[in-house]
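Single-structure report; data block below.
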Amino acid sequence: MKTLLEMSGVSVSFDGFKAINNLSFQIGEPELRAIIGPNGAGKTTFMDIITGKTRPDSGTVIYGEKSISLLKMSESQIAMAGVGRKFQKPTVFEAQTVRENLAMALKNRRGPFDVLLYRKTSRGAKRIEELAETIGLTDALPRIAGELSHGQKQWLEIGMLLAQDPRLLLVDEPAAGMTPAEREHTTDLLKRAAKKHAVVVVEHDMEFIRRLDCRVTVLCEGSVLAEGSLDHVTSDPQVIEVYLGR
Amino acid sequence: MTRKTFLTENRSVFWFLLSLGVFALIITVLADGSGNGMISTSFVKTLGRTLCLMLVAIAMDVVWGYTGILSLGHMAFFGLGGYMIGMWLMYARTEIVLTASLNAAPIPPTPEEIHDAIGSQIFGLVGSSEFPAIWYFAPSLPAQLALVVLVPGVLALVFGWLAFRSRVTGVYLSILTQAMTLALSLYLFQNDSGLRGNNGLSGLQNIPGLGDVPQSHLSIAFFWASAVALGAGYVLFAWVVSGKMGSVIRGVRDNESRVRFLGYHVESYKLFIFTLTGIVSGIAGALYYPQAGIINPNEIAPIASIYLAVWVAIGGRGRLYGAAIGAAVVSLLSSWFTGGSAPDVNLGIYTIQWTDWWLVLLGLSFVAVTLLAPKGIGGLFDLIGNRHPVPATSSTAAGPDLGARRTVEGEEEK
């Protein structure tokens with residue numbers, strides 16, 4: 001397992017409030033990692049920094065074999081480098097069909113002229129069918145995404161993440177609003193993705209984390225409080241104090 | 001499954017081209033120059049101009065209705081296109097007139113003398129006789145035709161690059177585009193801007209070298225040129241907004257940052273659309289002003305671009321034919337009301353004169369459409385048949401499993 005992403009000494013503050021405080025974090029490829037922490041621990045900001053949405057005040061974020069710094073890249077360049085993200089609140093393009101949503105996410109060249117002259121291929125169509133099968137939306141492919149239920153949008157967004165074929169998957173609360181059976185399916189998908197790639201899952205649900213059966217990082221007040229197996233971190237007195245004790 | 005082609009997926013293209021062709025044929029048959037003369041030459045010109053306005057309206061719809069950039073400066077590109085063709089028209093026509101009169105003199109003039117005479121003829125009005133540097137290409141039709149595309153294109157490219165790169169969006173971008181068109185028109189109002197200040201360029205209806213052709217014939221030729229340009233523009237934009245490009249730009253409109261996180265460089269897409277629509281607007285302007293006969297800086301005042309947005313809003317954003325219909329209906333109604341042909345309404349104590357009250361009516365209809373019928377006139381077409389026949393899903397499950405959450409509540413187990 002080689003390191004895919006390395007964050008070190010990253011700090012960011014909003015109007016004096018330190019959202020991330022000297023955070024260091026590493027993930028290899030392949031690896032599955034869960035991140036837990038109380039509200040306001042900086043989980044979403046952590047993802048914002050990796051995806052280029054938020055620029056840190058200090059620190060470094062190094063990615064890939066060539067050790068490129070993500071801090072100098074735009075959001076779209078970072079996404080093209082292989083970082084995919086699933087948002088906490090499902091954000092799909094509601095005015096477009098499920099098929100169009102997936103087609104947009106499909107791994108392809110992303111320049112305006114590439115897209116303008118893009119021809120639909122049978123390979124692309126097949127990939128979309130496969131993805132739709134995986135996320136259980138085969139029947140819904142011609143539907144407008146806005147008509148889908150919350151749970152279906154959640155699945156569509158997972159499908160869009162998979163369609164990008166990223167090397168680093170950042171998944172924010174994938175199981176929110178899902179039934180136990182769907183959660184199981186989601187864990188399977190994430191575990192399967194983590195066989196080849198790096199997957200970071202932010203989640204509140206301890207049962208879900210336990211099923212992922214992976215290394216856990218506990219964030220608190222913008223820095224790492226503890227790291228290790230779930231049993232290890234849950235027995236850590238500090239973690240119990242800030243997170244589980246309350 | 002039948003094979004999907006561009007035309008079968010975009011039915012509106014077929015219907016639009018068909019209606020446009022039928023309309024153009026009817027006008028040709030009825031026109032003064034080519035048919036039985038039921039339609040006057042000046043009305044043919046009005047219709048030809050309307051086609052150009054429809055073209056700039058569909059460009060506006062692509063930039064606003066599809067990409068979500070409310071540009072309030074697209075008439076600047078339209079006006080620039082008009083100025084570029086106007087420079088050649090004015091130069092070449094003045095050259096013909098002056099060469100004829102100077103050749104009658106005992107000593108034939110040298111080319112320099114003719115050039116200087118044209119200069120003092122064109123710029124005498126603004127107290128100058130020197131050709132400004134921007135008129136360098138004016139003697140050449142191909143060069144000025146290239147400038148019709150290049151000048152609006154480069155302005156849109158540079159302005160768009162600066163604005164989008166700084167991630168200016170929403171109302172701030174609209175204000176910026178207003179500032180651009182205002183600055184341009186104020187600059188052109190100056191006598192030393194090189195484009196004859198507030199006099200603008202005139203006599204554009206006289207096509208050099210076609211002095212013997214009557215206006216009735218020229219008008220129908222320009223009408224057809226405008227119709228062809230509109231048809232081509234419609235096909236071009238229908239192609240751009242269909243397929244994956246359309247998907248991405250509508251994504252930009254609805255959720256810009258999500259598109260970014262999918263790896264698309266949003267700024268390049270906005271710049272592409274902004275520049276392409278700017279160029280098409282310039283071409284529309286180059287066809288419009290020879291039919292109007294005169295162009296002056298008033299034409300690119302901020303209000304012109306606001307009208308453009310009003311046309312598109314009334315016609316219906318997000319569908320090309322809606323924008324085209326909106327531009328046609330509103331601009332024709334506008335010329336009817338302001339032309340004095342609309343009958344006054346006598347209310348007893350007050351007489352509504354439409355020349356004064358038309359703008360109030362337009363404003364009220366704009367508010368009414370925005371509030372009550374956001375789909376505009378184009379929305380009426382939704383009443384004819386279902387636009388998106390979508391088969392109902394056979395399963396109600398939200399996820400891939402039988403145990404997934406269902407869209408329909410199941411029976412509680414007892």
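Here the Cβ of each residue, glycine as well, is placed from N, Cα and C on the backbone.
Note that the structure is a prediction, hence the values are computed from the model and not measured.
Over in TrEMBL, the protein carries these features:
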- B:12-31: transmembrane segment (TRANSMEM)
- B:43-64: transmembrane segment (TRANSMEM)
- B:71-91: transmembrane segment (TRANSMEM)
- B:145-164: transmembrane segment (TRANSMEM)
- B:171-189: transmembrane segment (TRANSMEM)
- B:220-241: transmembrane segment (TRANSMEM)
- B:268-289: transmembrane segment (TRANSMEM)
- B:295-313: transmembrane segment (TRANSMEM)
- B:320-337: transmembrane segment (TRANSMEM)
- B:357-377: transmembrane segment (TRANSMEM)
- B:392-414: region 'Disordered' (REGION)
- B:403-414: compositional bias 'Basic and acidic residues' (COMPBIAS)
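For the transmembrane segment (B:71-91), the partner stretch with the highest count of Cβ pairs under 8 angstroms, out of B:12-31, B:171-189, B:220-241, B:295-313, is B:295-313. Counting same-chain residues at least six beyond the ends of the transmembrane segment (B:171-189), those with a Cβ under 8 angstroms from any Cβ of the stretch are 69-76, 79-80, 83, 159, 163, 195, 197-198, 200, 297-302, 304-305. Away from its own ends, the transmembrane segment (B:145-164) comes close to residues 73, 76-78, 80-81, 84-85, 88, 137, 173, 176-177, 180, 266-267, 270-271, 274-275, 277-279, 281-283, 285-286 of its chain (Cβ-Cβ under 8 Å, at least six residues beyond either end). No contact links the transmembrane segment (B:12-31) to the transmembrane segment (B:268-289), because fewer than 3 Cβ pairs that are 6 or more residues apart lie under 8 A. The stretches the transmembrane segment (B:43-64) and the transmembrane segment (B:357-377) do not meet in space: the count of Cβ pairs below 8 angstroms, excluding pairs fewer than 6 apart in sequence, stays at fewer than three.
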